[in-house]
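K.L.:
Quick one: the structure is below, and I'll ask about it shortly.
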Amino acid sequence: MESAENSAEQVSGAQVPEKRGLSVDTYAPKTISMDEFKKLSRNQQKKHMRQELWREHADEFKAKMRQKNKESRKRRRKRIALGETASKKRQEQTHSGCRVIVDMDFDDKMDEKEIKSMCSQINRCYSVNRNAAKMVDLYVTKLHGKCKERFGTALIEHLGWAKEYIAMEDKEYLDLFPKDQLVYLTADSPNIIDELDASKFYIIGGIVDKNRYPRLTLDKAESQGISHGQLPIGKYVRMSTRKIMTVNQIFEMLIKFLEVSDWEQAFLEAIPQRKFKEGDSRADTTSDSESDN
């Protein structure tokens, strides 16, 4: 992935000075005075510079991305007209009918490193959905604060993402979808989800917390009066530690299950091998059913 400085350079195209001109040592801030700018730490100066460049050239960058996507679609239509075969993944892809939400309402509970990790996980979810045999409707809700800022700078390429594979929203899911169709996936729920219901929206908590906030997602679901449940990981696989999963790992489990209709296979393929008990990844009939989503 390109650096934020490179992304900022791409945003403005030919109108922005060459890369050496983007140094904070020579940059002239536009929204604060030079004295205020010099009082910032070097990292803060870089961050402020990227934000100003993005605000100044956002419309131009969006227009360039729209044109790029338009040209890509035109080339694809031409290949089809000439009888050329589309890629295997695109040919075979169908819609599963399921809907998945990543809830980004926990921005204030993550440090900068965790913010970067969380945003990268969203990137991975988009890629998985785009290449899945059975795609889902994927929504990212309550995108705000530091995560939204990162998508506006270091991950600016998200503006070119195909909208059919992901929708980025700053609103809460309760403002977007029927309450009785929402199901929060949380390891703390006593309810086990054995099948995926196409009439439901399954919510994954968008947080990297290293288990600092027990019951966080369950408490939120209960306070909002929405349904909740956990995936049946403990029924099918044996874990070496408590089953803490990343957002993209959970998403991959769901996508794989939709493809093969087999939880065991889905878990074995989506969960990193280091998380399994040595020498035996499959659960026995006496193993507990605890899972972490």
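Cβ coordinates come from backbone N, Cα and C, glycine included.
The structure displayed is predicted, hence computed values, not measured ones.
Dumping what TrEMBL says about this protein:
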type	residues	note
COMPBIAS	1-13	compositional bias 'Polar residues'
COMPBIAS	50-63	compositional bias 'Basic and acidic residues'
DOMAIN	86-278	domain 'SAM-dependent MTase TRM10-type'
REGION	1-95	region 'Disordered'
K.L.:
Residue counts in helix (H, G, I), strand (E, B) and coil for the compositional bias 'Basic and acidic residues' (50-63), per DSSP?
P.N.:
14 helix, 0 strand, 0 coil
K.L.:
Quick one: average pLDDT across the domain 'SAM-dependent MTase TRM10-type' (86-278), no decimals.
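P.N.:
It averages 90.
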